[in-house]
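Colleague: The structure is given below, and queries will be raised subsequently.
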């Protein structure tokens, strides 16, 4: 998940309030009656929130706290696409190989539509409470517990994204260096060891960037990252028509009657021990919810309807891009595809593959500090330590980077990152949190019975996802060797 300018930092959004919606004066179900300039709602408990939804809010010119957005609809679509797009795209071909084309298409379509619905719920909750910060929204509805839960889910999601990015560095940088040195892929030395390289990159490049007080130009690297992923998609499609299907040598995992036709024939529905990773990987690839409200707050002439249009366009574009990457990656390597699709391409004597590999490496290295800023800012905000302190800033940064590096070094495969984060934080952010917030906010609204039923079913789906996927992922770990890619 590549964030829109890291989202905005939480401290920058504290004073943002929700603007007048398209039908704010016509839909009697959207807001409770205004009496003496104050909303009668149990969620409006402090002065800041009361001001955001009172008569003074309805009169934009008199509201000092209202900050009009300046971002066009097109640029907002681009920003949200940046927030959606991330390393998850590299694991989709692996997900397709372990589900089959038809089942994968059903899962991808379902998660796309459900993600759009969850954003709709999130926008309704933001409108009803006047909160434009995800943690603040959780605190308004569920108190301190809600704030901590949302902080935990967003931080785990961002940490998972950072882990996947550094895992790309660990996987891809050695191959790029070997190519530039003119060495074979089998060449071995400490300076082409991915574990050593990821530590060098982290503390030589990423740490200095993370120590900066402000994001600065780093907030705009997501555009470069999205461009790199589009370039990657183009290369994947092009290489499909260049790379022949290769039958692996017979071994203990491949029966003696394997044929070229069997190996190079696409499967439409399939089930195996790795099928469980498909849905978490797809969910991981579509999470952008922490960035939705910051993007909404900067949308010009913003309204719920307009932001919903932004999300619809963005998700449709990402759906097309994800499906094309998955299908062409799968049709290139079939059952031999890995959980990191880029790693399957050999850069030996191939400048194009080297170029896309280097582009992706640079993109993820520059994106890690953006995500890191979000996690650290949320941590300081939660601890009420918003005033800058150089010593604390440095110590927390170093500790977090050390922990992240240890995880990257010892995690055997990207599918493990997608699996864990997908069934936990991605599930929370897409299914459980938006539906829970909506059900709580509309608890006493008898006019929204049908919508509440759908939200309750959505919540149940998220809980079922967790109850089924988490045990299956753990079971696969118990039954598989740490280096098994499932082939």
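First residue shown is number 1, and so on along the chain.
From the backbone N, Cα and C atoms, a Cβ is placed for every residue, glycine too.
Below are the features listed in Swiss-Prot for this protein:
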type     : residues : note
CARBOHYD : 251      : N-linked glycosylation site
CARBOHYD : 257      : N-linked glycosylation site
MOD_RES  : 6        : phosphoserine
MOD_RES  : 25       : phosphoserine
MOD_RES  : 28       : phosphoserine
MOD_RES  : 49       : phosphoserine
MOD_RES  : 52       : phosphoserine
MOD_RES  : 56       : phosphoserine
TOPO_DOM : 1-74     : topological domain 'Cytoplasmic'
TOPO_DOM : 98-112   : topological domain 'Extracellular'
TOPO_DOM : 134-147  : topological domain 'Cytoplasmic'
TOPO_DOM : 169-188  : topological domain 'Extracellular'
TOPO_DOM : 212-216  : topological domain 'Cytoplasmic'
TOPO_DOM : 238-275  : topological domain 'Extracellular'
TOPO_DOM : 297-312  : topological domain 'Cytoplasmic'
TOPO_DOM : 334-350  : topological domain 'Extracellular'
TOPO_DOM : 372-393  : topological domain 'Cytoplasmic'
TOPO_DOM : 438-452  : topological domain 'Cytoplasmic'
TOPO_DOM : 474-487  : topological domain 'Extracellular'
TRANSMEM : 75-97    : transmembrane segment
TRANSMEM : 113-133  : transmembrane segment
TRANSMEM : 148-168  : transmembrane segment
TRANSMEM : 189-211  : transmembrane segment
TRANSMEM : 217-237  : transmembrane segment
TRANSMEM : 276-296  : transmembrane segment
TRANSMEM : 313-333  : transmembrane segment
TRANSMEM : 351-371  : transmembrane segment
TRANSMEM : 394-414  : transmembrane segment
TRANSMEM : 417-437  : transmembrane segment
TRANSMEM : 453-473  : transmembrane segment
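Describe the structural surroundings of these features, if you would.
Modeller: If you average pLDDT over the topological domain 'Cytoplasmic' (1-74) in this model, you get 45.
Sequence-distant contacts of the topological domain 'Extracellular' (169-188), counting only residues of its own chain at least 6 positions beyond either end whose CB sits under 8 Å from a CB of the stretch, comprise 194-195, 197-198, 201, 340, 342-343, 346-348, 354, 357-358, 360-361, 364-365, 408-409, 414.
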Colleague: As a test: from 75-97, 276-296, 351-371, 394-414, 417-437, pick the stretch that has the greatest number of Cβ pairs under 8 Å with the transmembrane segment (189-211).
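Modeller: Per the Cβ under 8 Å count, 394-414.
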Colleague: Are there residues at least six beyond either end of the topological domain 'Extracellular' (98-112) with Cβ under 8 Å to its Cβ atoms? List them, or say none.
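Modeller: 92, 266-272, 274-275, 277-279, 282-283, 286, 315-316, 318-319, 322-323, 326-327, 330, 430, 486.
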Colleague: In the same chain, who gets a Cβ under 8 Å from the topological domain 'Cytoplasmic' (438-452) while lying at least 6 residues past its ends?
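Modeller: For the topological domain 'Cytoplasmic' (438-452), the far contacts come to 29, 43, 121, 124-125, 128-129, 141-142, 459.
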Colleague: Report, as numbers and ranges, which residues of the same chain sit near the transmembrane segment (394-414): CB under 8 Å and 6 or more residues beyond its ends.
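Modeller: Contacts with the transmembrane segment (394-414): 87, 90-91, 159, 162-164, 166-168, 170-171, 195, 198-199, 202-203, 206-207, 210-211, 339-340, 372, 375-376, 379-380, 482-483, 485.
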Colleague: For the topological domain 'Extracellular' (334-350), find every same-chain residue at least 6 residues outside the stretch whose CB is under 8 Å from a CB in it, and list them.
Modeller: 90-94, 97, 167-168, 171-172, 175-176, 179, 184-185, 232, 236, 239, 245-246, 248, 263-267, 277, 325, 356-357, 360, 413-415, 418, 485, 487
Colleague: Do the transmembrane segment (276-296) and the transmembrane segment (417-437) come together with 3 or more C-beta pairs under 8 Å, pairs six or more apart in sequence?
Modeller: yes
Colleague: Return the stretch with the most CB pairs under 8 A relative to the transmembrane segment (75-97), choosing among 113-133, 313-333, 351-371, 417-437.
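Modeller: Between the candidates 113-133, 313-333, 351-371, 417-437, the best contact partner of the transmembrane segment (75-97) is 313-333.
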